[in-house]
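Enquirer: Just passing along the structure, written as structure tokens.
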Amino acid sequence: RREMSDQSQQELAYARMATLADAKIRAPWALQIVQAFMAGATLSLGAMNANLVEAMVEANTSTTGLGNLIGGAVFPVGLIGIFLTGANLFTGNCMYVVPPLLNGTVSRTRALGFLLVSFFANFMGAALITFLLGYKGEFFSADPARAFVIANAEKKCSLGWGVAVLRGVGANWLVCLGWWQALSCRTEDTISKIFAIWWPTFTFTAIGFEHSIANMWYVDIGLMVGAETAFSDFVWRNLVPVVIGNFIGGGVFMGLAQWLAYDANGLKRWSPKVKEEDSGALTLAVNSS
């Protein structure tokens, strides 16, 4: 017997997202900083793993794209860890911040502060892992790992603005889709949450979309071991346009879209009401299927 229709499951996911968003934004600033710092560090561990695997695969096979595919399969460990520990990732927060803003339950100043704190604390966490484990740990001091991260950093900093924005849209649309799917899972079902996040994350990584916080690892480690590009190029030619794209992907295509679909103040208010007798017939049909 199915006790929940697809529609009610989607509404439950939205209710969880809205409640979680309100709690995250209203949390004390010190807690936000700690949780965002840990998110940046955790994501960088996943990115580090992906880089090492990709470099090894591409050095030992002539199959084009195989390294990217396998790297995409191991990268999600960071995002899964972030979701399950409740850490604050800027890109996920781009989705979370929209419903409270549109409903007027938080101020624009508080919401902007929430995004800025998560972004810069993510950067600090990513920088720590990049320097201490990636650089000082000497995992990328020799080829093929060194050559791989240098080429990767230089490629990311050579993208045109329009390309970087569009790739940023795709990345965070998929990341936030994974978040949404995990929120629709039963609270105690950790395995389902892991798979819900893994598939969209694997997809965006394998495609080659751009994720601003992940790039804080990808480009910084390349710069530390000799990439021929400047940090200012990273900021202006990659980070800024990718952040814009990430906000559109998460805030518009997920946050706004789900608010319009499932919030009482969105388009749902114009949805036709289901009569009691119709509801009973629908329940009977579902139970008998």
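Backbone N, Cα and C define each Cβ position, glycine as well.
Just so you know, TrEMBL annotations are computer predictions that nobody has curated.
Taken from TrEMBL, the feature transmembrane segment covers 29-49, 69-90, 111-135, 164-183, 195-219, 239-262.
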Enquirer: What parts of the chain pack near the transmembrane segment (29-49), using Cβ distances under 8 Å and only residues at least 6 beyond its ends?
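Expert: For the transmembrane segment (29-49), the list is 74-79, 81-82, 85-90, 113-114, 117-130, 133-134, 139, 213-214, 216-218, 221.
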Enquirer: For the transmembrane segment (164-183), which partner among 69-90, 111-135, 195-219, 239-262 gives the most CB pairs under 8 Å?
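Expert: The stretch with the most close Cβ contacts to the transmembrane segment (164-183) is 239-262.
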Enquirer: Could you tell me what the rest of the chain brings near the transmembrane segment (239-262), counting residues at least six beyond its ends with Cβ under 8 Å?
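Expert: Residues 10-11, 14, 17, 90-99, 102, 119, 159, 161-162, 164-177, 179-180, 210-212, 215-216, 219, 268.
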